[in-house]
Amino acid sequence: MTDGGPRKKATKKKGGENPPTMPKSSIENKGRTRLKIHRESDPAVDPFFNEMQDIVARGFTQNMEVDNPEERPVLPFNTKITTMVNSYVIIKKLGAGGFGDVYEVHRERDKGVLAMKTEFDVEDDMLQRLKREVLVYEVINAAKRENPRLTDHILHMVDKGYNQYFKYIIMPYTGKSLDYIKETIVKGEFQLRTAVQISIQTHKALKNLHELGYIHRDVKPDNFVVGKLNDSAPTEAK
C-alpha cells in the first residue's frame with residue numbers, strides 16, 4: 001500500500017477460474033440486508049451517502065477515471081463498517097485513485113490499524129480490478145496458511161465486502177513505498193548496502209509471487225513498500 005493506494009496488478013498464468021463473489025454483510029436499509037454502516041453521533045455520514053447517490057445518478061460510475069479523485073466525497077471519521085467477520089472504524093483517507101480510495105481503519109475488537117481499499121461500481125467487467133485482486137489474495141492467503149515463509153514478502157488480505165456504493169478489501173497497514181522513501185526522505189540514491197538489501201528482498205517477493213502461479217505486471221519502486229508486518233520481511237510487494 002502506498003500514499004495513492006495499493007494497486008497490485010497481477011495476472012494468473014493458468015486461466016479458467018472465475019473471480020470470487022464479494023461477500024455480503026448487512027445494512028439496515030428498508031428490510032434488505034447488505035453491509036451494515038452505522039452512524040455514531042456523526043451526522044456527516046448521511047450527507048456522504050446522499051452525495052454519493054447524486055453522483056452515481058449523474059453517471060459517476062461510467063466516468064470515474066476521468067473525474068478528479070480528490071473531488072469525491074470522503075467517508076467521515078468514525079464511520080463504522082461491519083462485515084461478516086469484523087467491524088472497522090474509518091480514521092482518515094490515505095489516498096485516492098481513479099476507481100476508489102484508500103482509508104486508514106481501526107478494527108474494533110483489538111484496535112488493530114489496517115487499510116481499506118475501495119473500488120466504486122464499474123459496469124465494465126474488464127475494469128473490475130478489485131475482483132481480480134481478491135482472486136489473487138485468496139491464493140496468497142491459502143499459501144500463507146500452508147507455508148507462511150512462502151508469503152513473507154507479499155501483502156495479504158484481511159477481510160473483504162461491499163455495499164451499494166463500493167466494493168472493498170481490508171489489508172495490513174504498511175509503511176511508505178520505496179519510491180516515496182527515495183524521493184522524499186533520502187532525496188537521492190540509496191547507499192550501496194541498502195540498495196543490495198532492497199534488491200534481495202524485492203527479488204524474493206517476485207519469486208514468491210511466481211511460485212504461487214502469478215506474474216506482476218507493474219514492477220516499479222512505487223509498488224514495493226517498507227512493511228510493518230514483521231522484522232524479518234521489511235519489504236513487501238503489492
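Heads up, the Cβ atoms here are built off N, Cα and C, so glycines get one too.
Note that the coordinates shown come from a computational prediction; the quantities given were computed from them, not determined experimentally.
Taken from TrEMBL, the feature ATP binding site applies to LYS117. Counting every protein chain shown, the Cβ of LYS117 (ATP binding site) has 28 other Cβ atoms within 10 Å.
Annotation source TrEMBL lists domain 'Protein kinase' at 88-238.
Taken from TrEMBL, the feature region 'Disordered' covers 1-33.
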(message) Can you give me the average pLDDT across the domain 'Protein kinase' (88-238), rounded to a whole number?
(response) 85
